[in-house]
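Peer 1: Before anything else, here's the structure in question.
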């Protein structure tokens, strides 16, 4: 019987130990997960969660580079926002001059030839036809120059600070003005934001989606079979993308992925074309595989001091001279993020609340803090570490002085009252 009791107690002790240590074991295993950051050929790259905006991977994410034909994501987005699939477009004298990687390579195009807006989108997003990119520009902006202004205005609207467009195609030699040496410029981060905006447009997204069988467009009634340049389409969750390849840009690719209900965008700029032209796609697959399994790490632990805040208050709470005090801000919960160089450089955790009255925040009151990384912002709980005693202590001299003044006033009042009473007594004696 004693043995049974002993075994029972041992079992209970083991169970209790396991239950107490389990949370710590989970934390350790998460920290010890050794997922290698991929090595890629591309000079700059980024991976972002489309729904949360979080940057999962970065490599030179703010380096300005030529985007080549990935430019057409912006061109297609503006086209989709301003046109309908059923619209008919007409090739102009200007557009037919654009012959490099164009529908003109399949069939001679003359001014006056017509194509539907739906087929124009296919030609640009699937085949990357440059003539139809210029056709998009003219049809929306009236002139190519007007459209370029719209492209830069849209970039500003999206909050992109390192992007500038000079043409709608991404060609580095301007087919309409070969002497112009200026080229489009963007960064991996900015291009990811453009990609997300384009992906969220139904027309653009559907056009990039996997298709079965041949893809054709109709040019003035003549069907033309076009080929997708996205070598990853329909594989391992890839649901679309836009390629680019120019001398200065190298091989570029913006890829869109969906796995287990989670959407990601990958950007690779200035990869090497290589013997087979597959390097940029191999880079992309590495990024996608890594990004879907990458764990978050601790940015700040609960209890960490993250900075200070300057507060104002009146010495006597509702009146008195206004004073200032600097109080530490402490985070109340673990703050997690995807650790990479771009997030490390730009992450902020701060208190931006409207309440700056020290009395109202005293007593270690819970406040809302803002954690921001590029593309993502979330609220976390924290507190302004300040006690009422600290405020009282900081104002002790003025409180003592005030008390002394009150005592003096009371003594004076008592003294005056005493004198008045004494005079009254003297008068009574006199009468």
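Glycine residues also receive a Cβ, built from the backbone N, Cα and C atoms like all the rest.
Dumping what TrEMBL says about this protein:
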type	residues	note
SIGNAL	1-30	signal peptide
DOMAIN	33-270	domain 'Peptidase S11 D-alanyl-D-alanine carboxypeptidase A N-terminal'
ACT_SITE	69	active site, acyl-ester intermediate
ACT_SITE	72	active site, proton acceptor
ACT_SITE	128	active site
BINDING	242	substrate binding site
TRANSMEM	396-420	transmembrane segment
Peer 1: Which whole number is the mean pLDDT over the domain 'Peptidase S11 D-alanyl-D-alanine carboxypeptidase A N-terminal' (33-270)?
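Peer 2: Taking every residue of the domain 'Peptidase S11 D-alanyl-D-alanine carboxypeptidase A N-terminal' (33-270) together, the mean pLDDT is 95.
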Peer 1: Helix, strand or coil at residue 72 (active site, proton acceptor), per DSSP?
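Peer 2: Residue 72 (active site, proton acceptor) sits in a helix per DSSP.
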Peer 1: Measure from the CA atom of residue 69 (active site, acyl-ester intermediate) to the CA atom of residue 242 (substrate binding site) and give the result in Å, rounded to a whole number.
Peer 2: 8
Peer 1: Between residue 69 (active site, acyl-ester intermediate) and the residue listed as 'active site', how far is it from one CA atom to the other, in Å?
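Peer 2: Distance between the two Cα atoms comes out at 7 Å.
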Peer 1: What same-chain residues, at least 6 away in sequence, bring their CB to under 8 Å of the CB of residue 128 (active site)?
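Peer 2: The answer is 69, 72, 101, 229, 242, 243, 244.
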